[in-house]
Amino acid sequence: SGKVPASNVLASAPSDKNLGAWRELGCRTTHCNLEVVYRSTLVFLATKPHILPAVLEEIRPAVGSQHIVVSLVAGVTIQTLQRLLPPGTKVLRIMPNLPCVVQAGAMVFSRGSNAGDEEAALLKSLLSSCGLCEEVPESYIDIHTGLSGSGVAYVYLFAEALAEGAVKMGMPGALASRIAAQTLLGAAKMLLETGEHPAKLRGDVCTPGGTTIYALHQLEKGALRATVMNAVEAATNRACDMAKD
C-alpha cells in the first residue's frame, strides 16, 4: 500500500524459487536468515511449523532488545516462541488468511509478555493495509483459523455451489461464477457497513411466500447452519491439535 518502501524490505528463503516475487516488488533478498535479523528491527517468521525451531536456533544469537519478532507460523504458541528466543524478546503472533493477497484479508494478532502498546500499534498499522486486523487473546487464534483461515475455503465451496445451481437452471458457467462472486462480495460489504446481525439482513431479503424463503427452507432441510458450525469446530480442533504436536 506504500506504507513501507519495497527497498526497506529484506526477505530470506533457502532457494531463489521462493524469492522471485519479492524481487519483482523491488524488495531486497538473501539466503541468510541472520542477515535479515542483523539488518532489520521488525522480523516476520513465515515458515512451516516443523522448520521453525531450527530457524529460531539459527537467529537466536542475533536477536536483541531492539527487535520485534512476529510469527505467522500455525500451531506455535507465544510461550514456545518466548522460550526459544532470548529472554525479554518482544514477540507477537499473527494469523492471516488468503485474501490478504488482495488486501481484503481478516487477521488477528496477540502479543507476548514483553510486547507493549507501541509494538501492537505498529503491527496493526502495517497489517491494516491488508484488510481487517484485530488484537485478540491468543486463545482466539485457533478459533480464527477455523473461522477465517479455513473459512475462505468454505466460502469458495459455497460460491461454486451457487454457480452450479445457476448452470443447472441454464445460465452459462462463467457468468454464473461472476454473479456468485459479486453476490458474496455485496453481502459481506453490507454486513460490515451496516453492522446489522446476519439474521436481520437475511430477514430483509425474505418476502412472504417469495422465492428466498422457499430456497432457505431447502438450506435448512440440508442442515446448512449445523454443517458450517461443525466445520468451524473441526478446523479449530485441528488447529489446537497442531499446537500440541
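Heads up, the Cβ atoms here are built off N, Cα and C, so glycines get one too.
Please treat TrEMBL annotations as automatic predictions, because they have not gone through curation.
Per TrEMBL, domain 'Pyrroline-5-carboxylate reductase catalytic N-terminal' is recorded for 7-75.
Sequence annotations record features per position, and here TrEMBL assigns NADPH binding site to N33.
Sequence-distant neighbours of T47 (NADP(+) binding site) (same chain, six or more apart, CB under 8 Å from its CB) are V55, V73, listed in sequence order. Sequence annotations record features per position, and here TrEMBL assigns NADP(+) binding site to A46, T47, K48, P49.
Marked as domain 'Pyrroline-5-carboxylate reductase dimerisation' by TrEMBL: 138-240.
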Let's check the environment of P49 (NADP(+) binding site): how many other CB atoms sit within 10 Å of its CB?
13
With every protein chain in view, how many other Cβ atoms are within 10 Å of the Cβ of A46 (NADP(+) binding site)?
15
List the other residues in this chain whose Cβ sits within 8 Å of the Cβ centroid of the NADP(+) site residues A46, T47, K48, P49, in sequence order.
L45, H50, I51, L52, V55, L72, V73, A74
Just to verify a number: CA distance, N33 (NADPH binding site) to K48 (NADP(+) binding site), in angstrom, no decimals.
15
Please count the residues of the domain 'Pyrroline-5-carboxylate reductase catalytic N-terminal' (7-75) that DSSP assigns to helix (H, G, I), strand (E, B) and coil.
28 helix, 14 strand, 27 coil
Looking at the binding-site residues N33, K48, which one has the fewest other Cβ atoms within 10 Å of its own Cβ?
K48
